[in-house]
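Down below is the structure, laid out as structure tokens.
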Amino acid sequence: MGLDITQKKRRIALGCEGSANKLGIGVILHEGDTSTVLSNVRHTFVSPAGTGFLPKDTAQHHRAFFVRVAKQALSDAGIRIADIDCICYTRGPGMGGPLASVAVAARTLALLWGKELVGVNHCVGHIEMGRTITGADHPVVLYVSGGNTQVIAYAEQRYRIFGETLDIAVGNCLDRFARALNISNDPAPGYNIEVLARKGGRVLLDLPYAVKGMDCSFSGILTRAEELAAQMKANEGKGTDGEPFTGADLCFSLQETVFAMLVEITERAMAHVGSNQVLIVGGVGCNERLQEMMGLMAADRGGSVYATDERFCIDNGIMIAHAGLLAYETGFRTPIEESTCTQRFRTDEVLVKWRK
């Protein structure tokens, strides 16, 4: 995996991610202009069907499993503590409780082992890992997850946000709709919606489509989808053909509509910046139907779509280690007294010194 590393030296970082319900710890090696994933361990907090994950419960999960996951990551990597150059952690954005739990743990390791700390922007971690794994050079980035929906492109050492959700994230829309149908959260509600959607498609239900330039909105479509779910449960829901629709039809219709919105705003950004590449990152980026729809659009423009598998698109520690080590190699450090976390941390706040 090729990287643009200014200082050609062997360096190792341990990354800690815990901004939502995934606790991830990974170890990465940068050597010359290449990088190697040494370990990538993850443990997920799964809440009961019909519910979401609360910050306090998720934070408790991260505290309970941090030591176990860290030991496994070090064991898988086959390294000594002395080999590690820095400890990287997710500074934000994310849920306050889980972020704080992992920040405290990372700070403890840094003090215990005498290592320097690097606070990392969660989205920048996704982007840099995606670029490295796929080889995408100068893509428009679609960042889609449970907490974020942004269309991004790089310019002048910043990841510039060209469009975003005006209310809730697309992943949050899907997760909350899953509760309306009591869909399991194991392994993830979005994945289970994707599986159900493949069984639907007899009818495409009419749902709100809200795009404003390169911005979009998902709260209205969620409300309408929840209303249709309630009608279906009461045996009152009928499609355009007058026949009752199923939960699979609802999942299909929701996916098709929200993904069409994402494709539209991404294509608009591609035209604006003159790019023929799309890189999809974030948990929702694992969805094969989203990748397929984006691929059709990109092909019409003579372009390409890049995406990673679940090891890297779902929240993980290795992306934090990677982005943190890139920053570390430019001289960036996070002093212990400033090693806080924040629920709001814009992608374009980060100075991307490692890129030209």
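Cβ atoms are placed via backbone N, Cα and C, with glycine included.
Swiss-Prot lists H122, H126, Y143, D315 with the feature divalent metal cation binding site. Taking the Cβ of H126 (divalent metal cation binding site) as centre and 10 Å as the limit, one finds 32 other Cβ atoms among all the protein chains shown. Secondary structure from DSSP puts H126 (divalent metal cation binding site) in a helix.
The feature substrate binding site is assigned by Swiss-Prot to Y143, V144, S145, G146, G147, D175, G190, E194, N287, with sequence analysis given as support. In the three-state DSSP assignment, the secondary structure recorded for G147 (substrate binding site) is coil.
Per Cα geometry, S145 is the residue among the binding-site residues S145, G147, G190, N287 nearest to D315 (divalent metal cation binding site). By a simple count of nearby Cβ atoms, those within 10 Å, the most crowded of the binding-site residues G147, G190 is G190.
Taking CA atoms as the reference points, S145 (substrate binding site) and H122 (divalent metal cation binding site) are 11 Å apart. Cα of H126 (divalent metal cation binding site) to Cα of G147 (substrate binding site): a span of 13 Å. Once the Cα atoms of Y143, V144, S145, G146, G147, D175, G190, E194, N287, the listed binders of substrate, are compared pairwise, the greatest separation found is 18 Å.
Within 8 A of the CB centroid of the divalent metal cation site residues H122, H126, Y143, D315, the other residues of that chain are S19, C123, G125, I127, S145, N148, V281, G282, G283, M319.
In this structure the C-alpha atoms belonging to N287 (substrate binding site) and H122 (divalent metal cation binding site) are separated by 20 Å.
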